[in-house]
Amino acid sequence: MKAHKGVSTWCIDHPVATILLTIALVLVGLIAFPRLPIAPLPEAEFPTIQVSAQLPGASPDTMASSVATPLEVQFSAIPGMTQMTSSSALGSSLLTLQFTLDKSIDTAAQEVQAAINTAAGKLPKDMPTLPTWKKVNPADSPVLILSVSSTQMPGTELSDLVETLLSRQISQIDGVGQINITGQQRPAIRVQASADKLAAIGLTLADIRLAIQQTSLNLAKGALYGESSISTLSTNDQLFHPEDYSQLIVSYKDGAPVHLRDVAKVVNGSEDAYVQAWAGDQPGVNLVISRQPGANIVETVDRIQAALPGLEAMLPASVQVKTLIDRTQTIRASLHEVEITLLIAILLVVAVMALFLRQLSATLIVSAVLGVSLIASFALMYLLGFSLNNLTLVAIVVAVGFVVDDAIVVVENIHRHLEAGDDMREAAIKGAGEIGFTVVSISFSLVAAFIPLLFMGGVVGRLFKEFALTATSTIMISVVVSLTLAPTLAALFMRKPVHHAHAKPGFSERLLGWYEKGLRRALAHQKLMIGVFGLSLALAIGGYIFIPKGFFPVQDTGFVLGTTEAAADISYGDMVKKHLAMAEIVAADPAVQAFSHSVGVSGSNQTIANGRFWIALKKRGDRDVSASQFIDRIRPQLMKVPGIVLYLRAGQDINLSSGPSRAQYQYVLKSNDGATLATWTQRLTEKLRSNPAFRDISNDLQLGGSITHISIDRSAAARFGLTASDVDEALYDAFGQRQINEFQTQVNQYNVILELDTKQRGKAESLNYFYLRSPLSGEMVPLSALARFDAPTIGPLSIAHDGMFPAANLSFNLAPGVALGDAVILLNQAKAEIGMPTAISGNFQGAAQAFQSSLASQPWLILAALVAVYIILGVLYESFVHPLTIISTLPAAGLGAVIMLWICGQDFSIMALIGLVLLIGIVKKNGILMIDFALEAQRQRGLSPQEAIFEACITRFRPIIMTTLAALLGALPLMLGYGTGAELRQPLGIAVVGGLLVSQMLTLFTTPVIYLWLERLFHRPKPAPVPALATTD
C-alpha cells in the first residue's frame, strides 16, 4: 500500500511547529477548564411560572370558581403553554404554568402579568392584592435550606427580621427564585371582638371594621409652600401599636363613648397563628430557597454562601443562622466521583496499551494523544457554553476509549513498519499515510451515530445535546491529534523493536495464534457463522422487546423530600404533635445528617392537614443505605404514628413535574363532573394499593374536610333590607381572619386583622350571637332570623384543576425491581379492571409522561443512528454493500448489552439507550479495520476476497483487540458504579461493557464470513480458492 503525502508528512517534517501548536491547544484547554460552570446535569427544564392568589377566609370552592377560573381563562390564551394546573384551598390558589422548552421565561412572565391584569376586573373586589407570579418550578428541589433561630427573640420579631433582612437580600442574588419562609409568624395586630359584648351594646363587626379603616390612614397631605421654604405636612393619622387601637372610639351609647377595648381585645400577634417550623428539634424560621429556572445551582448557592457572613453581621447576637441542607455538596461529590472514574479509565487504557505495544515510547505517544484530546475538549465545551456535569463528564469518560482508538491504530501501524525494518521517519510516514483514511472512517462513522441524539426532541433531547456534542468534539480533536502529533512523536522517539532469537512469544502473539486457528475454522464453516449471526440478530431484537423499560434511574442525591397528610379535619395542635412524633423517628435514623419540617399554610403547602419534611442524608460513604433504601427502612417506623402518613421521595436532579408531588411518578385523572371524578379516583387508588408493584400510592383529593353550611332565607332578609352579601360580609368579619387595614413602616407593611375572640371563633354556637343592622329601621337583626344552620357535611380541603378541568393527581413510587414501563402497563390494566368510564380521561405527568414519549421514539432513534452510520460509510467507501458488512457487527453488540443489563438487574433506561447508541459507533470499528484493509489488498495487490479478508483479520487483529479493550476498560469504571451519582452512570457502562464483550467474541469470526457472502452475492467473483484456507462449505 502506497502512502500519500499529507498533513501527517508535513507535521513529521516540522516537529517544532507541531509540538508548539499542540502545547498551545493544551494551554487553551487548561485555561478553559476552571471557567466551566458546575451543574448536576445540563439545563433541560421546562420554563415554569407559579402564580399565587390570596383571599383569606375564602372556601376552596370559592377560590377555584371566582379566582382560579378567571385566571385560567386568560392564561389559556398565552402561546407556547404546554400545561396549566391549579390547586385551590382555604384562602389561596396556586397556579402553575409550564411552557415549551424554546419559550423565553422572560417573555412568558410578561405575558402572564398581562393576563393577570386582564383578569383583574373579574376577580373578587375584596382580594387584598392582585395575584403575584414567580419564575420558579414548585416541583424543583430546594437548593439551600437555612434555619434561623433565637433563644431570646419572640417568633414574630424573628420572622420579621428574616423577611425584611435575610429573605429580601438573598432574593436579590442572581439565580435565586422562590424563597419560602416556613414557620413564618409575620407580625400583625389582631382585633379579637366579643360577639356577646357587641350584641349588648348594639354594634356589629362591620361597625368595628369601618371605624378602624376610617381612623388609621396613611394618605397624602401635601406641603406648605412658603416664600422662602417648603414644609411637608405630616399627621399622626396612622396607628402602629395595639394600645393605640384600643383607645379608638367606635361608637357612642347613651352619650358615652364606646372604645374598641370595650368590645374587643387588641393584641400583637401573627398573620397566621397556625404555622410552625423546626430545624431538627429546634423551633425557628426556615428559608427554603429554590433557584430560578435555568440558573446554575452551584453558582447560585456559592453566591448565597458568600453573602451570608455579611448578612449575619447585621443580625442581633442572639440570632443564629445555620445551613441545614446544601444541595451542592452532593453535586460536587458526584462530579468528583466522575473525575475519579475518568482517571481510573485513563490508567486502565494506558495499561492495555503497555501490555500490547510493549514499548514505552509507543505507550507514551498514545497517552500524549489521549491527554491532549481530553484537555482540548474543555476549550470547545467552554466555547459552546456547556457545563461540567454528570453527562458531559461521562461523555469524556466514554470518549477515552474512542480517543485512544485513533492513536492506537496509527501507532500500531507505525510499529508494524518498524518491525518490518523501516527507519523511524519512513515508518511514521508510511504508517500514518496508510491508516489515515481508516482513522477518518472510524471517527466519522462514530460521530454519525451521535447525530440522531442532536435531533432528539423534548427534555431528553435537551439533556443529551451536551453529551453528544462533548463526545463528538473530543473524537474529532483526537482525529486531528492522532494524524499530526502521534506520527511526529513516533518519528522522533519510537525505536525498532528488539527481537531475541530465543524469546518466548508474547501475550499478543499467543493470542493472535489462537485467533488464527479459530478464524480458519470459522471460514471453513461459513453457513454456521451466518446462522450464528442470524441468531444474534433475532435474540437482540427479542431481548430489546422483552426487557423491562425505564426512564432515568432513580438517583441518590442525598436529599429526601416528604409530604405529610393527616385527617382533613385535624386541628392544628394535633397536627403539631403528630409531626413532632415523626420528627423523632427521622432524627433517630443513622443515615440522617439534618432535617427540617413545617406545618401550616405556607408556600405550596395549602392546608393544615399537610406538612413538609426536607431530609439531608449523610455522605454516601458514611451511610449504609441509598436514599431509596432509607425510605424503605424508615417507612414501617413512620407508619406507627397513628392518624398521619409521611410520603417520602428521593430528590432528583431530573424533575419534570409541574408541581409538588408525594412520590416519584404522577398520573392525572380529569372529568367535567367532580363527584364522579372523586369516586373513580378513590377506586383506582385502592386498586393500585393492592398491587405489590406500587408503593406510597396516594391522591390529592382530601375529601374529609368539615363544612358547616348556612342556608340564607332571602325573603326574610329582604324584609329587613338585608342581602346575602351582608350575611357573607358578617361571616367574613368573624371567621375569615379578615385583613381590614394595614400600617406601613420604612421597611415593611403589616396587617390589622379582625376576628372573633379566640374562645368563640371555633364554636358553631357563636353564630347565634351574630347581629346585623337593618338599613331600613336601624334595628339589630339576629342572624338566626335570616339563616338556618345545617349539620356539618364533608367537602374537599382543596380543589385541583388541570387545563381548566377538575382533576385528581395520583402519586406513586415503584417497588424495588419494578420498571416504569411495567408500571405503566399495570396502571392501565387496573383502570380496565375497575371499569373506569370513558368520561374520565387520564394521562401520566412528569417523568412518566416523558418516559412514554421517549419509549415511542427509541426504535426510531436506533434506526436513525444505523442509517446515519450507513450513509457516512457508503459515502466514504463509495459502496452500497460494504457498509452492510460493517454494520453487521452491531446485532452482537445489542445482544450483549441486553444480556448484561438483565444479569445486573437493570431495566432498559434512557442511559442504557445512550450506551446502545455508543455501541453502534464503537463496534463497527472492528468491521472498518478489517474491510478497509481487505478492500485495499484486493484493489492494490489483486488478492482474492478470501485471501484479502484473511490477511486483513490477521494484520488488524492487534489494533482491533487493543481498541476494543480500551473502549471496554474506559467504560468498566462506569459499570462498576461507586460513589455519589453512580446509579445514573451505571446503566450506560453496563450496556457498553456487555455489548463489547459479546460483539468481540462473535464479530471477529462472523464479519469476515459476511464479507465473503456479500462479495459473492453482489460482485460474483470467479472462484479463487486459497490453498492456505480450508474449503468453505
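Numbers here mean position along the shown chain, with the first residue as 1.
Even glycines carry a Cβ here, placed using N, Cα and C.
Unlike curated records, TrEMBL annotations are generated automatically.
Taken from TrEMBL, the feature domain 'SSD' applies to 373-492. The transmembrane segment annotation in TrEMBL covers 12-33, 340-357, 364-385, 391-414, 435-455, 467-494, 528-547, 860-877, 884-903, 909-935, 956-976, 988-1014.
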Averaged pLDDT score, the domain 'SSD' (373-492): 84
For the transmembrane segment (391-414): best-contacting stretch of 340-357, 364-385, 435-455, 909-935, 956-976, by Cβ pairs under 8 Å: 956-976
Segment-segment contact (the transmembrane segment (12-33); the transmembrane segment (467-494)) at 3 or more Cβ pairs under 8 Å: yes
Surrounding residues of the transmembrane segment (364-385) on its own chain - C-beta under 8 Å, 6+ positions past either end: 22, 25-26, 28-33, 35-36, 346, 349-350, 353, 357, 392, 396, 399-400, 403-404, 406-408, 411, 466, 469-470, 473-474, 477-478, 481-482, 485-486, 489-490, 493-494
Residues from the same chain, set at least six apart from the ends of the transmembrane segment (884-903), whose C-beta lies under 8 A from its own: 445, 533, 536-537, 539-540, 543-544, 547, 866, 869-870, 873, 912, 915-916, 919-920, 922-924, 926-928, 931, 987, 990-999, 1001-1003, 1006-1007, 1010-1011, 1014
Remote residues contacting the transmembrane segment (528-547) - C-beta distance under 8 A, at least 6 residues beyond either end: 522, 888, 891-892, 894-895, 898-899, 901-902, 907-908, 998, 1002, 1005-1006, 1009-1010, 1013
Secondary structure content, the domain 'SSD' (373-492) (per DSSP, counts of residues): 107 helix, 1 strand, 12 coil
Stretch in 340-357, 435-455, 860-877, 909-935 most in contact with the transmembrane segment (988-1014), if contact is a CB pair under 8 A: 909-935
Stretch in 435-455, 467-494, 860-877, 956-976 most in contact with the transmembrane segment (340-357), if contact is a CB pair under 8 A: 956-976
Residues of the parent chain within Cβ reach of the transmembrane segment (909-935), under 8 Å, 6 or more residues beyond its termini: 398, 401-402, 405, 409, 437-438, 441-442, 445-450, 452-453, 460, 464, 467, 471, 549-553, 854, 858, 861-862, 865-866, 869, 873, 877, 882, 885-890, 892-894, 897, 901, 945, 948-949, 951-953, 955-956, 959-960, 963-964, 967, 971, 984-992, 995-996, 999-1000, 1003-1004, 1007-1008, 1011
Positions whose Cβ lies under 8 angstroms from the transmembrane segment (860-877), at least six residues beyond its ends: 437, 440-441, 444-445, 447-453, 455-456, 883-884, 886-887, 890, 913, 916-917, 920-921, 924, 928, 931, 935
